[in-house]
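Pulled from TrEMBL, these are the features on record:
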type: BINDING; residues: THR57, VAL58, GLY59, GLY60, THR61, GLY62, LYS63, THR64; note: ATP binding site
type: TRANSMEM; residues: 16-35; note: transmembrane segment
Amino acid sequence: MNWFERGWYKQHKGTYLLMPLALLFSCLSAIRRWLFRFNLKKKYRSNKPVIVVGNITVGGTGKTPFVIWLVEFLRAQGLNPGVISRGYGGQITQGVHLIQPDDHAELVGDETRLIANRTQAPVVVGSNRAECCQKLEQLDVDLIISDDGLQHYALARDLEIILLDGSRLLGNGWLLPVGPLRELSWRVRDAEFVITNGQVDSSFTKHYFNVVPQPLTPVSTNSQTPGVFNREQPSHAVCAIGNPQRFYRSLAEQNIQILEYHHFIDHHKFKASDFARFNNEQVVMTEKDAVKCNTFANDSWWYLPIGVEPDGNFIQKLTDKIQLIRKNYGI
């Protein structure tokens, strides 16, 4: 953890010195939200139902695998969903872009590249979410999932799903930069669904999902003779995600021996030189990082795919909500 994160999660109180900035941030956020609530600023309402999946905290919550699960869940309901995203870490700065099979993560962003790979759903990236929706509206989709964008009130939505890290929850409960919150804690009570990554005793939700590691997979897409992961050989653990400790715990639960841990900043653009020091030693990384490394990886690099399993009560309530949305939109 860096200095800010240690303060946010109650290891010191130094961030409280930044309280004036947090109060200013709170005022500006409240004004912006009320402008949209009272229609003083214009919202875009799509002719397709919109589900927003997002966070009120900074840092990783398992949002990408949850979005992948949600796409598959909606397909099982007979729907054809599409996904919109800002494409963080990518290079799409103007207009919108429908992800193509040969688009590299450097162009479209690592998370969106992963979502497109795993689901084969149409995924549109761009800074203007209304324009992203309009692009999907031209395609044969029944419903739009907004990957992140919880605070993007210019986009009207039919359902919000807020994700929280079960081990961190709301931290010290303060807004940035004093705490990890993008909005005040009352926001979790305003959303229809709040779900935690991992089961936890919480006052604001009983819903949770478990992360389910899947078999290790070769990173390289060029290998003609993929090998077998050697569990007797210690590996370098490499990641560039918001919450690396969760990845490290998953490796430990899989009894994978780790030689060293290497954490890069979230969305780091990996290059071959980042791995030069490892020689041909075994490397294990996240699937989100693998999509940035597959063109230069060697045969000793592996990634750990993960799925999610929400609790049954959440699935039932979400099923009921989707049925209501379908009735309202006639789909």
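Placement of Cβ uses the backbone N, Cα and C atoms for every residue, glycine included.
Structure coloured by features recorded in TrEMBL.
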residue : record           : Cβ within 10 Å
THR57   : ATP binding site : 24
VAL58   : ATP binding site : 18
GLY59   : ATP binding site : 19
GLY60   : ATP binding site : 23
THR61   : ATP binding site : 24
GLY62   : ATP binding site : 26
LYS63   : ATP binding site : 18
THR64   : ATP binding site : 25
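Same-chain residues that are not part of THR57, VAL58, GLY59, GLY60, THR61, GLY62, LYS63, THR64 yet have a Cβ within 8 Å of the Cβ center of the ATP site turn out to be ASN55, LEU163, ASP165, ASN197, GLY242, ASN243. Secondary structure at GLY59 (ATP binding site), taken from DSSP and collapsed to helix, strand or coil, is coil.
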